[in-house]
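> Sharing a structure with you now.
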Amino acid sequence: METLVLQALSGLASASSLFLVASGLTVIFGVSRIVNFAHGSFYMLGAYLAWSLVTALPRGHLGFWGGILAAALGVGLIGIAIETLLLRRIYRAPELFQLLATFGVVLIVQDLALLLWGAQDLLGPRAPGLRGGTMILGLRFPDYELFLIAVGPVVLLLLHLLFHRTRWGMLVRAATQDREMVGALGVNQRMLFTSVFFLGACLAGLGGALQLPRESVNLGMDLAIIVEAFVVVVVGGLGSLMGAALAALLIGELHALGILVLPKITLVLVFLVMAVVLVMRPHGLLGRAQAPAAAGAAAEPAIGATPRPLVWLGLAALLAALALPPFAGDYALSVLTEIAILILFAASLHLIMGPGGMASFGHAAYFGLGAYSAALAAKWLLAPMAIGLALAPVAAGLGGLLFGWFCVRLSGVYAAMLTLAFAQIAWSVAFQWSEVTGGDNGILGVWPDAWAAPRLVYYYLTLGLCLAATLLLRRVIRAPFGYALRAQRDSALRAETIGIDAFAIRWRAFALAAVMAGLAGGLFAYAKGSVFPTYLGIPRSVDALLMVLLGGVQTLSGPILGAIAYTGLQEQLMRLTDLWRLMLGTTILLLVLFFPQGLAGAARARWEGRHGGA
Amino acid sequence: MLEVSGLAAQYGRAQILAEVGLTVAAGEVVVLLGRNGAGKSTTLKAIMGLVPPSAGRIRFRGQEIAGRPPFEIARLGLGYVPEERRIFSELTVMENLEVGRRPAPPGQQAWTPERLFALFPSLGAMRHRPGGRMSGGEQQMLTIARTLMGQPRLVLLDEPSEGLAPVVVERMAEAILALKAEGLSILLSEQNLHFARAVSDRATIIEKGRIRWEGGMAALMADAGIREQYLSV
Ligand SMILES: Nc1ncnc2c1ncn2[C@@H]1O[C@H](COP(=O)(O)OP(=O)(O)OP(=O)(O)O)[C@@H](O)[C@H]1O
Ligand SMILES: [Mg+2]
């Protein structure tokens, strides 16, 4: 009983920190409609800056608390820089681009933090005046945790006063509902956005800085907190401050008490709660339907016939892919094999993103499910490769049917968040259930059968399967099913009136995409000889997104071009520099800012510009 | 005060306005008439900068405003009351007014909540009610009051009579005449000819994004042929 109470108390302390981050995220979203992936980076920067300041400043109350506050303000300034330099240019871009751009910031900040503070964990001093503990029910509870418990409600109260008692707060609330109207009333939205971003970044920075006496500062803080903050914000309702508070409480306690009940699967528990809330209340506990962004994106061009030169180029590339490999070395062969797999992976995501119009930020889940089911079959059943490769798409497809049933009900950011959450569930199972999956060490020794063991044979096998699957996907997009899919994307309502069951179509497309991603994952497992939890991680989902966006969402050849360009780029970057995250992040930003239509889109636009529109 | 010439605008590839020209003099009420979809709202939005004009000139109080962002246009003294009202439903009446508040230019008597409540008495009785829990007529008054808080010299008023009961339309007409008496210039968009006639000095008729007729209100009322051709449904 006593442990239960103390555990609940420490849950409250975590809830406070979580609320600081989530409140900033939700306020920023409310006004700018941007889901800021970099919010976790603000939190991490707050912790690092606080460490630097507090260790540099003289010891004592002023040095410590001054350092914490200065760190929070410093992060606020960084937030201003990011808003004015980057976000301001993409407020009208599609949601996924915004999410991706802020993920680019995450990558850049990770490498910069590595350069500035090094890879080792940093330990901060404890808070002066709060070093001791208090006896509660006969057990000692740290004073600092009690202090944190108080911080959450105090910040909530201050924010409430700010939003209801000041003119600035009223403008923010008004802009959250209708920013264009606020502009027409003479309010400079830019100033408003920048100041909101400053506030949000400060809150995240403060949240991070306050962790200093509690846990070590490290480079994994950003992704760990952002995923939880997403969950909190989505469960609470995007844009709702009270919702964020309520959800932070719920998630904080779920973590704290879940450990007592089911120590292995607290993460799964958290994401399950999220999935249930979203299915019951698609806009979160206290959220409401968001008006579609004003002046919506221009209608996307229909998928037309492939331009002639592109067909020839494709055939030439295919011929090269068939004829040249016998002369290639082992390394080149393994790169080529990987490219073939990634083309299928990208093409599968393209099906739901392009023609389907759905956002997925967790496509790696199905890739990983395929890889793991093949590897598990090989390890525990000693199954031959053919069985493993047959199992991979089936398992991934079942996963897609299950997760998709939830995901395809939502749209926009909510769908993106839910797909991300499911991918994190899959990831945490692979990561935490180490008896079966090997945990972080993965599963080794997943090699092809003897006949397929030579790299060249395995390459041709992979090429054949991936080519067939990719061509099948193209067929599907041009078949009546593809028309129905695009019809529901363009107008769900209109599609329903002509007898298209939008839910069923979306669900089937989602499952089909999962099947194909699973096949890619299975092939990947045998190509590498091993599987790891990273196969299901956020970065791999982002890889897929990047390939599709790099190529261009609205062209069939986009994912193919994108996969080739992306793999090539990554290979080069990894070989040239240790700072590949920095380079990749910068590439993402450049892509989002200058090539919003992707490579194939840009090429097509040039072609049509020169030869008259199609 | 406001001179628009050769104004064109489009949504995506659809050309909505082709050749719009109109003028509003100081203290004048001009009504823009036309059928559904003629381009009335788009004209007002283009003047306000909410829809980017693709061609044409818009001069307001001697300055070219085409292509400027809406907040700058608003600060020059142009007020906009949208057709859909767009009340901030989570904010109370007083808070809605606060969002619209701007300092009055020197020499102009400032609109305050108290003066606006004298103009729209029903609003004064619900100062702390959230905008989302008001009737359509009350919302229409609030959206006008909110715009007046910005101390405009000219107001673009998009179909203020739409969807209102006849008694409320009557009261709306009185309010507009009171504003006119204060010296405010108004560019009104309307389909309700009866209402337009009660408040306007001049009329401009738009059809398919082009101005078709222009003249005094009395001339329009005398010419059944024009009304038949451009306004009857
Ligand atoms: N956001 C938009 N996107 C595309 N087309 C639009 C948009 N808004 C209006 N239109 C089209 O522009 C044309 C003019 O619309 P507008 O709203 O200006 O007409 P209106 O004269 O105000 O009509 P009403 O009397 O119904 O308010 C219409 O054909 C309409 O369908
Ligand atoms: Mg209209």
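In case you wondered, yes, glycine gets a Cβ from its N, Cα and C as well.
The transmembrane segment feature in TrEMBL is assigned to A:6-29, A:64-87, A:99-119, A:191-212, A:224-250, A:257-280, A:310-327, A:339-361, A:381-406, A:413-433, A:547-567, A:579-599 (among others).
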> So which of A:6-29, A:191-212, A:257-280, A:547-567 is most in touch with the transmembrane segment (A:579-599), counting Cβ pairs under 8 Å?
A:547-567
> Can you name the far-off residues of the same chain, 6+ from the ends of the transmembrane segment (A:64-87), with a Cβ under 8 Å from a Cβ of it?
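Sequence-distant neighbours of the transmembrane segment (A:64-87): 32, 34, 38, 42, 45-47, 49-50, 53-54, 56-57, 98, 101-102, 105, 125, 127-128, 193-194, 197-206, 208-210, 212, 589, 593.
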> Assess whether the transmembrane segment (A:257-280) lies in contact with the transmembrane segment (A:191-212), where contact requires at least three Cβ pairs under 8 Å among residues 6 or more apart in sequence.
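They do not touch: fewer than three Cβ pairs between the two stretches lie under 8 Å.
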> Report, as numbers and ranges, every residue of the chain located at least six residues beyond the transmembrane segment (A:339-361) whose Cβ falls under 8 Å of a Cβ in that stretch; write 'none' if there are none.
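Counting only partners 6 or more residues beyond its ends, the transmembrane segment (A:339-361) has Cβ contacts under 8 Å with 95-96, 99, 303, 321, 367, 407-408, 411-413, 415-417, 419-420, 423, 459, 462-463, 465-467, 469-470, 473-474, 476-477, 482, 485-486, 488-490, 506, 509-510, 512-517, 519-521, 523-524, 527, 538, 541-545, 547-548, 551, 553-555, 558-560, 562-564, 566-567.
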> For the transmembrane segment (A:191-212), what are the same-chain contacts with Cβ under 8 Å, counting residues 6+ beyond its ends?
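Contacts of the transmembrane segment (A:191-212) (Cβ under 8 Å, skipping residues fewer than 6 from its ends): 17-18, 20-21, 23-25, 27-28, 31-32, 36, 39-40, 42-51, 54, 67-69, 71-80, 82-84, 87-88, 91, 124-125, 148, 151, 155, 168, 171-172, 175, 182, 221, 225.
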